Amino acid sequence: MPEGQRVVLITGCSSGIGLAIAVMLARDEMKRYYGKSRSINRSTHSSSKFLLKYFEAAGDAYGKTLSLLTLDVCSDESVKQCVDSIKDRHIDILINNAGVGLVGPVEALSLDEMKQVFETNFYGVVRMIKEVMPDMKSRRSGHIIVISSVLGLHGVAFNDVYSASKFATEGLCEGLAIQLMNFNVNVSMIEPGPVNTEFEMKLMTEVSKKEFVGADPETLDHFRTCYLPTQVNLFQGLGQTPEDIARCTKKVIESPQPPFRNLTNPLYTPIVALKYADETGSLSVHTFYHMLYNLGGVMHVTVRIMKFLSFGWLRRRDNEKLIL
């Protein structure tokens, strides 16, 4: 590895955001990064669609500035073996991207399903951080990045458990960010809204067909006639691409003073601001209620309003910067 090149370990790179980040860093024109991305065992899955897609996306970067490692973030042993396999256990940047989703009425979801979400989204992050953080602290250098979500900043109906896992991760990392400043180690959260990936599309297709045994008819009706159409409109109107998130992540990595929180989509700034504008929480709760139950048929109008508010806020913010 060339001198000055930083080692980046990325979890959850089979597709979507993780793959986009891995490829973007590996193809950096200045070759400042050497990517170690999480994968399945190549020898036993060499003909899988995943590997074909991965190698196609990586192109000639694979084997030069990008390599695959076997890693299961839900296994202590796998995490340790993965980090041990890296020369001197030296990791400059850890990007926690592995995650799973869960959508539906809480009463119709099993505790096992909920535990799996936390096992991956929260404890998976904890395992990775625990394994690399001591070395970063001893070197007094490093950057821990977590691909979180705007749902880690505000809750959304029928995403309750997923949102809870992201809230937990945000709380964990906010505390660590304060501690690690003493060791010159940065912590950054990347917080996308809707992202158009195969993962999201597959999840929405599956839940649209699921019966959700245990939920009452009225709740199921709300889920199918209000929530699902609203989600489609949000993804169509506000959805970003994995490459958008990768660009934001690369920008944070290259910042001399990486911000802790990083919303990838400025259209969500007014929505997040609602939560902090009213200390009682009523404003944001009522706003989301009306968006879901009263504006479903005109969601495209709501998206336009959100865009107008966002661009207006951005213009004011830019003008304030100029004045300052």
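Backbone N, Cα and C define each Cβ position, glycine as well.
TrEMBL entries are annotated by machine, without manual review.
What TrEMBL annotates here:
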ACT_SITE  Y162  active site, proton acceptor
BINDING   12-38, D72, K166  NADP(+) binding site
BINDING   S149  substrate binding site
TRANSMEM  6-26  transmembrane segment
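Locations of recorded TrEMBL features on the structure.
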{"residue": "G16", "record": "NADP(+) binding site", "Cβ contacts under 8 Å, 6 or more apart": "V195, T197, E198, F199, P242"}
{"residue": "A20", "record": "NADP(+) binding site", "Cβ contacts under 8 Å, 6 or more apart": "T241, P242, E243, I245, A246"}
{"residue": "M24", "record": "NADP(+) binding site", "Cβ contacts under 8 Å, 6 or more apart": "E243, A246, R247, K250"}
{"residue": "D28", "record": "NADP(+) binding site", "Cβ contacts under 8 Å, 6 or more apart": "T65, K250"}
{"residue": "R32", "record": "NADP(+) binding site", "Cβ contacts under 8 Å, 6 or more apart": "G4, Q5, R6"}
{"residue": "K36", "record": "NADP(+) binding site", "Cβ contacts under 8 Å, 6 or more apart": "V7, V8, L9, I10, S67, L69, I86, I91"}
{"residue": "S149", "record": "substrate binding site", "Cβ contacts under 8 Å, 6 or more apart": "Y162, S163, K166, E191, P192, G193"}
